[in-house]
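Right, one structure below, let's go through it.
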Amino acid sequence: KVAIKGIERELICPACKELFTHPLILPCQHNICHKCMKEILFAFEDSFGDGGSESSNQSSPRIKISSASVDRIDRTSRSGIKRNSLTPRSTLFPCPGCQRDIDLGERGMNGLFRNFTLETIVERYRQAARAAIAILCDFCKPPPQESTKSCLDCSASYCNECFKIHHPWGTVKAQHEYVGPTTNFRPKILMCPEHEMERVNMYCEICRRPVCHLCKLGGCHANHRVTTMNSAYKTLKEKLTKDIDYLISKESQVKAHITQLDLLLKETECNSERAKEEASQSFEKLFHVLEEKKTAAVMAIEASKNLRLEKLQTQIEEYQGLLENNGLVGYAQEVLKETDPSCFVQTAKQLHVRIQKATESLKSFQPAAAATFEDFVVDITKQEEILDVLSFISNGIEIPEINEERSKMYNKALISWECPGKTDLADTYVLKYQKLNREEDFVTWEEVKVCGKSKVITGLDVDSSYVFRVQGVKGSVCSPWSREVVLRMPPAPVFSFLFDDKCGYNSEHLLLNPRRTSVESRAGFPLLLGSERMQVGCYITLDYIIGDTGIAKGKHFWAFRVEAYSYLVKVGVVSSNKMQKLFHNAHDMTSPRYDQDSGHDSGSEDAFDSSQPFTLVTLGMKKFFIPTTPVAPKDPANRILPLPSCLGICLDCDKGRVGFYDAGRMKCLYECEVDCSGIMYPAFALMGGAAVHLEEAITDKYEEYNDDI
């Protein structure tokens, strides 16, 4: 008998939270019910068909998929994974136990082993739980008798009499293997899921799973190190026995740790209540300060109101006195009735002064007090910023800083940060970002929890600016927020292409890398031999290369980097209608270049000469040359800009315009019209020593790479 009390948690399926039923072993070595596995895969397929996780959650009331798993399924379905008929189908889903993405390969569930050992232990647990419930004989006439044994070959239970009848002596059935009463029947031989007719007889030490001889001969385990099943059985059993004996020998130590953990539980409860009380007191202090400030502000406004009302009321009374038969005017009218000159003069002199003042105030009317209270507006901008970053004491957690040089906005956003002191005490980081929208007064922050120091963010809008900030988190303690950094997405969706190694590619002068993402101009003997034949004029040769994908409509953006040592590089677009002319003129080694200009950037006028088959701008010697146009600066020095570390081109076929950008800041350096009547291709021209590297699209591997750095 095996002690089974206290092991319930090991027998619970992480998906349905019930006892395992026909458990399967996943590649991550976790177990899951056969039925739960099917329901997860059905939910996963529904998420692809419906584009959401709602159907995934409601497709089965039995399975309880965690919100994190649902989010991962949704994220996988939204990624738009497409496979053609020639691509092997692979099933990718998050393991309910560890949340790792599990790839079941082409065979799906059929490639998983059934965990018979775990199934047997679960059956023992069930039998112990229902010890009072007997297993009845499957062959007795009603009423059935209690079974006394179960046949593993027949997969049935028998009482003593029925067993003798169905397993008579001297027959083949008499040799069947039987055990005590059970409802758990498993095959006597474990078969290979890859080769269903073959039994497993070896153990792959690399994949850590049983395999058959066909798997070793020509299957996916051909080059793996394998051992015999008996050897693996003995080795693993010895290791497991040794580890179990060690744990049992440390039982007193385990109990001591449990006691310590129990004390920590109680201490955590007490400390949390104390921390809540201290936090409440801190906020009560803030409330008290705010109440005092509020009371003072309200009292100041009330005092100002009373003073203004008093002044305005006095002014009203003064002006009412100017009315006929009322106040000052009425009094003056009575004085005019005086006939005695001496008495009249005595009174009228002072009265006349008052009348004059009233007349002047009437001509230049000005209210005695203003009705607005603009001077009493409370400015809480700084206080809001301070309260926004209000957090617990950092306890040494440094404020992270977003590294703008390593951060990148392209098809996705790659945000990287680092700690100035090179000490990383934070367990995780919280990255917040929001879109800068001047039309909306309030925009919510999006929040992402990150374990490393970089994060790839998807779903951002093109031609939009976003503000980012990050903070470190260690337990319940947070660092202040970092300085906010504003980054801008490209002006159009990213256009992906490679350098074309067929159309017009000159392998003598240009060198492509195997991935066709970089091209280098080699100034070798062909250039020297061509120059040697020229005695007069200006000799120049440009080697052109285009992208392998064209653009027919819409607005697109692509970026690239030009090496700082590059002497002369031209970048832009070329139409398919004029591509033949482009490559026909590109390598004329015998004729001198037409004399338009003797300057280095003279080729920049080519973009506006209708006879030229392309629209290009000139780069070189760490400079960006703005082409000569009527609106361009006349001074050549003002047409020369520093060469950005990363350049971008935005082509709008619908409007017939092409723009050249500083891709690091997404700032337009120059824009012009272009004829988009044909298929447009990215075009590059190099001369002398030069190199161009296409910017790679951001993937999740960027995140792993930055974390490694």
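Positions of Cβ are set from backbone N, Cα and C atoms, glycine also.
Going by TrEMBL, these are the annotated features:
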type	residues	note
DOMAIN	187-229	domain 'B box-type'
COILED	258-285	coiled coil
DOMAIN	336-393	domain 'COS'
DOMAIN	477-701	domain 'B30.2/SPRY'
The domain 'COS' (336-393) - residue tally per DSSP class, helix then strand then coil: 34 helix, 0 strand, 24 coil
Folded-back contacts onto the domain 'B box-type' (187-229), same chain, C-beta under 8 angstroms, at least six residues removed: 25, 29, 107, 110-113, 116, 152-153, 177, 235
Residues in the domain 'B box-type' (187-229) grouped by DSSP into helix, strand and remaining coil: 7 helix, 11 strand, 25 coil
Stretch-averaged pLDDT - the domain 'B30.2/SPRY' (477-701): 79
